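This report concerns only the one structure given below.
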Amino acid sequence: MGSEQNDSTSFTQSQASEPKLCVKGCGFFGSPSNMDLCSKCYRGICAEEAQTAVAKAAVEKSFKPSPPRSLFIAEPPAVVVEPKPEKAAVVVVSAEPSSSAVPEANEPSRPARTNRCLCCNKKVGIMGFKCKCGSTFCGEHRYPETHDCSFDFKEVGRGEIAKANPVVKADKIQRF
């Protein structure tokens with residue numbers, strides 16, 4: 001009888017060590033830690049659950065009544081300061097920024113096109129070439145001659161040479 005018990009335990013151990021196919025039937029082997037799913041199917045289910053939780057939270061938030069805005073936003077009162085009686089002007093100080101303090105651009109701000117060639121508008125991605133004039137170019141327009149670069153390479157070169165080779169002038173020798 002003792003040998004029959006050993007045979008049954010060895011049979012269940014051999015069954016447990018055999019790999020099981022994915023429950024979804026994709027053809028890959030599943031793991032008990034992943035609910036007998038393969039890693040790809042398990043990741044998909046986890047992603048769906050996370051998306052569902054986010055959507056559920058968004059729906060609950062939209063149904064939740066928001067308190068009136070007047071409770072949170074209090075308008076700052078205007079402060080009137082009267083200077084000495086010599087001046088007849090009244091100064092009004094407000095907490096709101098004045099229009100002269102904030103500069104307004106006449107043109108609407110456009111996002112910088114750092115991933116496109118300035119000449120042909122071709123997408124360059126990571127292979128874009130940054131020129132010294134500050135623009136990004138494709139492989140065809142990367143040279144200064146091909147895109148009419150406004151950067152003065154000669155002047156910069158002259159400046160670097162002058163900096164690297166300072167003029168050394170010795171004092172004049174005095175004769176007796």
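From the backbone N, Cα and C atoms, a Cβ is placed for every residue, glycine too.
Copied over from Swiss-Prot:
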type	residues	note
ZN_FING	16-50	zinc finger
BINDING	C22, C26, C38, C41	Zn(2+) 1 binding site
ZN_FING	111-157	zinc finger
BINDING	C117, C120, C138, H141	Zn(2+) 2 binding site
BINDING	C131, C133, H147, C149	Zn(2+) 3 binding site
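Taking the features listed in Swiss-Prot, we show where each one sits on the structure.
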| residue | record | Cβ contacts under 8 Å, 6 or more apart |
| --- | --- | --- |
| C26 | Zn(2+) 1 binding site | C38, K40, C41 |
| C117 | Zn(2+) 2 binding site | V124, G128, T136, F137, C138, E140, H141 |
| C120 | Zn(2+) 2 binding site | C138, E140, H141 |
| C131 | Zn(2+) 3 binding site | F137, R142, P144, H147, C149, F151 |
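Counting residues of the zinc finger (16-50) by DSSP class, helix then strand then coil, yields 17 helix, 6 strand, 12 coil.
The local packing around H141 (Zn(2+) 2 binding site), expressed as other Cβ atoms within 10 Å of its Cβ over all shown chains, amounts to 22. Comparing C133 (Zn(2+) 3 binding site) with C22 (Zn(2+) 1 binding site), their Cα atoms are 58 Å apart once rounded.
In this structure, C138 (Zn(2+) 2 binding site) belongs to neither helix nor strand by DSSP; it is coil. Ranking the binding-site residues C38, C41, C133, C138 by other CB atoms within 10 A of the CB puts C133 at the bottom. Comparing local CB density within 10 A for the binding-site residues C22, C149, the maximum falls on C22. Within 8 A of the CB centroid of the Zn(2+) 1 site residues C22, C26, C38, C41, the other residues of that chain are L21, V23, K24, G25, G27, F28, G30, L37, S39, K40, Y42.
All protein chains shown were included, and the count of other CB atoms within 10 Å of the CB of H147 (Zn(2+) 3 binding site) stands at 20. In the three-state DSSP reading, H147 (Zn(2+) 3 binding site) counts as coil. Apart from C131, C133, H147, C149, the Zn(2+) 3 site neighbourhood in this chain, defined by C-beta within 8 angstroms of the site C-beta centre, holds L118, K132, S135, F137, P144, D148, S150, F151.
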